[in-house]
Amino acid sequence: MGKPKVCFVLGGPGAGKGTACEFLVKKHGLAHLSAGDLLREERKRAGSQFGELIEECIVQGTIVPVEITCQLLENAMNKIMVDSKGEQDKFLIDGFPRNVDNLQGWTKQMDGKTDDRIVLYLNCPLEVCESRIMERSKTSGRSDDNIEALRKRFKTYEESTKGIIEHYRDLGKVREVDSSLTKEEVGETVSRIVEQDLTDVQQPSVSGDH
Ligand code: C5P
Ligand code: MG
């Protein structure tokens with residue numbers, strides 16, 4: 001059993017990270033861990049000592065300290081591996097790492113534990129992201145799906161997350177996708193990427209050894 005293979009999924013708010021991940025879960029059976037969803041769950045968990053801090057960050061569009069987020073991710077990952085008896089070894093980690101603190105915390109806590117393969121970068125003009133989020137705000141019930149919080153989230157994305165994407169680009173790990181297209185089109189593209197980069201291809205045997 002190898003180390004769990006990780007595909008980070010990054011892009012601005014409304015770029016379609018959750019939608020692309022849903023597509024990949026259905027088509028390829030990958031496990032999907034959304035950092036934002038895990039934080040929202042922790043926020044509402046009775047007895048959580050981090051609830052208020054998480055809510056404050058979410059409405060301000062800032063990033064929660066990595067010790068909290070990374071622990072939630074590691075716990076969720078371990079649970080999936082235990083429940084699947086080690087069968088599930090491919091993870092989409094959505095919305096992480098979003099800033100330098102996230103990146104350093106992950107490197108420190110997860111060093112040697114995972115095989116971080118690629119970053120799926122969903123690139124979408126912010127005007128398109130904005131109209132998607134404003135549409136979603138009609139039904140999402142999210143405390144940060146409103147124009148004030150959204151502007152703050154865009155700022156964090158521009159100032160903090162883009163640098164992380166560039167860091168991974170320098171390592172040759174970024175797979176960039178135009179996510180302003182329809183969800184089916186984006187789904188097909190991300191699906192090809194995942195097939196190529198998250199699957200271990202058996203090396204064909206050389207010479208006549210049958
Ligand atoms: O990814 P999503 O849009 O669900 O994230 C919502 C919010 O959760 C972010 O704006 C941020 O406040 C928080 N978050 C975080 N650290 C992450 C992911 C999300 O603090 N790595
Ligand atoms: Mg999401």
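Glycine is no exception: its Cβ is also placed from the backbone N, Cα and C atoms.
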Of the candidates Arg136, Arg142, Arg151, the one that TrEMBL places in the ATP site of Gly14, Ala15, Gly16, Lys17, Gly18, Thr19, Leu181: Arg136
Binding-site annotation, TrEMBL, ribonucleoside 5'-phosphate: partner of Arg40, Thr62, Ile63, Val64, Gly95, Phe96, Pro97, Arg98, Arg142 in Arg132, Arg153: Arg153
DSSP residue counts for the region 'NMPbind' (34-64), split into helix, strand and coil: 20 helix, 1 strand, 10 coil
Cβ under 6 Å from ligand 2: qualifying binding-site residues of Ala15, Lys17, Gly18, Arg40, Leu181: Lys17, Gly18
Contacting binding-site residues for ligand 1, chosen from Thr19, Gly95, Arg142 when the Cβ sits under 6 angstroms of any of its atoms: Gly95
